[in-house]
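Per Swiss-Prot, the feature phosphoserine maps to 31. Taken from Swiss-Prot, the feature N6-acetyllysine applies to 264.
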């Protein structure tokens, strides 16, 4: 692991702000171009190898360390809360130094006395959100692990909803779904409405290894954003509003992955490999052409 990874004080998804830097012209342009190329490369590499590829890129260009770590989402890792005996997910949003906070017990592991904590009001909301998304995960994914972390902002709060579902390798199929939903909530002065900004990233990979078709890897990541104003009331609290946004976003991303990415891959594979013999395929094409010609003649009459 690269030495700079443990020293970063900011989350992986936050944006770095450059203050008081001099304009070095060509050097700055070259650095920006290197970062663009590195990010473009990471988008095209398998999600299950993100950590290794990210480490290799940082070793090649150490000056991009902070920019890459703040821009590239990494697969979620699972830890066990020894206090309550439940699993939770690790990310930079529940990390303080080398310790990670569990959403279930609100304790850091390894123990940390002065670790960052949400306010009492937000902690209560965090507990309710974890219970709600635990049920959501069980209904939609039938397993896996989920975690929700919230933190205070000046005019509202922000949070991250994490969901991870890994395949068990049965039927010679391996895979993993990692979704990271970062939401920012700006509460209006009236207290009756709020502005929600959601940024969602899904990393998905599948690997099959069957004697009939051989080994096939398929994976990628997709990021989408949306903003929406919602009414806040007893009938429609923050958790319900955020839950609907996350549910709609995951359905859209899942549909996009299924129809575009997997559908396109299926078309490509079917174009390269066919279960039909060439003779049968030629007969089918000839029959289709005959039907088209017959319909044209019928329309002309």
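Glycine residues also receive a Cβ, built from the backbone N, Cα and C atoms like all the rest.
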Rounded to the nearest Å - Cα separation of the residue listed as 'phosphoserine' and the residue listed as 'N6-acetyllysine': 35
All-chain count of other Cβ atoms within 10 Å of residue 264 (N6-acetyllysine): 10
Neighbouring C-beta atoms (10 Å sphere around the C-beta of the residue listed as 'phosphoserine'): 15
